Amino acid sequence: MSRHMRAPRFDPRAGFHAEGKDRGPSVPQGLLKAARSSGQLNLAGRNLGEVPQCVWRINVDIPEEANQNLSFSSTERWWDQTDLTKLIISSNKLQSLSDDLRLLPALTVLDIHDNQLTSLPSAIRELDNLQKLNVSHNKLKILPEEITSLKNLRTLHLQHNELTCIPEGFEHLSCLEDLDLSSNRLATVPADFALLSSLLRLNLSSNQLKNLPAEISRMKRLKHLDCDANLLETVPPDVGSMESLELLYLRRNKLRVLPEFPSCRQLKELHLAENQIEKLGAEHLQHLQAILVLDLRGNKLRSVPEEMALLQSLERLDLSNNDISSLPCSLGNLHLKFLALEGNPLRTIRREIIAKGTQEVLKYLRSKIKDDRTNQNDSVPETAMTLPSEARVNIHAIATLKLLDYSDKQATLIPDDLFDATKTTLITSINFSKNQLCEIPQRIVELKEMVLDINLSFNKLSFISHELCLLQKLTFLDLRNNFLSSLPEEMSSLTKLQTINLSFNRFKVFPEVLYRISTLEAVLISNNQVGSVDPQKMKLMENLNTLDLQNNDLLQIPPELGNCVQLRTLLLDGNPFRVPRAAILMKGTAAVLEYLRDRIPA
């Protein structure tokens, strides 16, 4: 907003202030001049112990250059300037803010996160135009009541402070859409929060909440509710009536039972990991028709209801670390991209099937549905034929599972007789794991028109031959626990590959060719020596939802990685970088990505 300087704010002695007293830390005049033109001033990361007076008075005092140059052109007239609307003074050492803050009434954005503030000035009430206020990562113990006077405020970030309570009158922030109170010391949430009728996103994670007010259900526009890492033992049944809710986070609490969700027909993600839930019934699932992500890991579930198969939109299901002994075969009819089952006492699915990943488990479950539909009392008994090489191949397994299995033989070569035995049979899966293979069998190319997944883990492969790159229908490739340090460029022809496991190899850089395989959904490259990743290229991998970089040599995580919003699971533990801190990593992928985005240079 360009305007002439208003008379009441003009100080005729302004040009002499600097000579009369110490003005404190200085700001380059070039920055101030640019700010008068653009209306924006960024002083982040300048080691400031206080805000220079010239910042507060940027639209009041006569600029220094006005005293030095009296022949202004029409584009340099100091009195025809822009009010400061955006002020960023984050990542400094500020312990307090002056009441002179009131001299910037046009501010719409004030970012003072990552300082040492213990309080906010009462003059903040005079910032009538303020729309976004970021005071996160400070040392605030209380909030001034004056903050509730900011009627135009839309975004308020207060995470990572020391707040124990919320001032009365918060409900007056009628325009507020995004409120982050995570990582404080709150024990209660005022019932009046329900009057925040415009709120779309509410983050209460990492506090000390033992319950939520039932009135929270009156937030009819709320889409994102995060209550992770609290002390919740129950959730008000009224939460199930929140019609606009899309994301609900309740991880790391003390929940034993779940509410029903009769009106949550927009709910896309339900995160319930690390609770004490013992039962999941049809009543909990029947209304979740839009659900994409269901995270139940680390609970005490003993069974999975058949009704889970009704969730036809479900893409990611995490049931790991429960007490589940069997799965309903109907799960095989789901269109899952990710299914986690580790840490369960499953008796009906072999470990090697689970190790091969989601699609193999679903395929196995579907095969069991067929078995159930046809009486197996007179089925063909499992038979085997002996090859001249003394290898044994299960003909029944090849015919029914379409699996060519020559695993755990400690073999250095795959016998030709094994390939000969499959000439008249459709093979979609190959398992040559746990051998001593130094190269990929050349005859694997004979199956290029049919094979979808290959397991070559636990061998001695030091390179990938071109034969593998010809299997263009491949969707799953397991190469973990080999001696690989690079991948050939020809692998870019694997245009249907969805999952690749490269863990426990010798990679020092993230394989460049993987950036060009746009179909990849999961890249597992933990326990290598990877020193860097390219966030710009990673962002172009639009289908990538799982990236495991644990236990590598990453000295820093580029902030731009936070722009890879397609990631649902990002694992970074066990690397030598210092930031993000372990506390951030523990909060999960969404928190890590947000942390990184906040540190992208303006």
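Note: Cβ is positioned from N, Cα and C throughout, glycine not excepted.
Residues or ranges marked as region 'Disordered' by Swiss-Prot: 1-26.
Annotated compositional bias 'Basic and acidic residues' per Swiss-Prot: 8-24, in sequence order.
Taken together, the residues of the repeat 'LRR 1' (35-58) have an average pLDDT of 94. Residues or ranges marked as repeat 'LRR 1' in Swiss-Prot: 35-58.
The feature phosphoserine is assigned by Swiss-Prot to Ser71.
The repeat 'LRR 2' feature in Swiss-Prot is assigned to 81-103. Note: the repeat 'LRR 2' (81-103) comprises 5 helix, 5 strand, 13 coil (DSSP; helix = H, G, I, strand = E, B).
Panel annotation: around the repeat 'LRR 3' (104-126), residues 1, 39, 44, 56, 58-59, 83-98, 132-144, 146-147, 149-150, 157, 598 of the same chain, lying at least six beyond its termini, place a Cβ under 8 Å from a Cβ of the stretch. According to Swiss-Prot, the feature repeat 'LRR 3' maps to 104-126.
As annotated by Swiss-Prot, repeat 'LRR 4' applies to 127-149.
Annotation source Swiss-Prot lists repeat 'LRR 5' at 150-172.
Swiss-Prot lists 311-334 with the feature repeat 'LRR 12'.
Within the repeat 'LRR 13' (336-356), the DSSP-based counts of helix, strand and coil residues read 5 helix, 3 strand, 13 coil. Residues or ranges marked as repeat 'LRR 13' in Swiss-Prot: 336-356.
Within the chain carrying the repeat 'LRR 15' (424-447), a Cβ under 8 angstroms from the stretch's Cβ atoms is held by residues 352, 356, 360, 363, 398-399, 401-414, 416, 453-465, 467-468, 470-471, 478, all 6 or more beyond its ends. Marked as repeat 'LRR 15' by Swiss-Prot: 424-447.
The repeat 'LRR 16' feature in Swiss-Prot is assigned to 449-470. Shown for the repeat 'LRR 16' (449-470): DSSP residue counts in helix, strand and coil, namely 3 helix, 3 strand, 16 coil.
If you look up Swiss-Prot, you'll see 471-494 marked as repeat 'LRR 17'. Outside the repeat 'LRR 17' (471-494), and at least 6 residues removed from its termini, the chain residues within Cβ reach (under 8 Å) are 355-357, 359-360, 433, 444-445, 447-464, 500-508, 511-514, 516-517, 524.
The DSSP breakdown of the repeat 'LRR 18' (496-517), given as helix, strand and coil counts, is 5 helix, 3 strand, 14 coil. Per Swiss-Prot, repeat 'LRR 18' is recorded for 496-517.
Feature annotation from Swiss-Prot assigns repeat 'LRR 19' to 519-540.
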- Tertiary contacts of the repeat 'LRR 4' (127-149), defined by C-beta under 8 angstroms and 6+ residue spacing from its ends, are 85, 90, 101-102, 104-121, 155-170, 172-173, 175, 180
- Message: I'd like the per-state residue tally for the repeat 'LRR 12' (311-334) from DSSP, helix first, then strand, then coil.
- Response: 5 helix, 3 strand, 16 coil
- What are the DSSP helix, strand and coil residue counts for the repeat 'LRR 15' (424-447)? 6 helix, 3 strand, 15 coil
- Can you count helix, strand and coil residues in the repeat 'LRR 5' (150-172) using DSSP? 3 helix, 3 strand, 17 coil
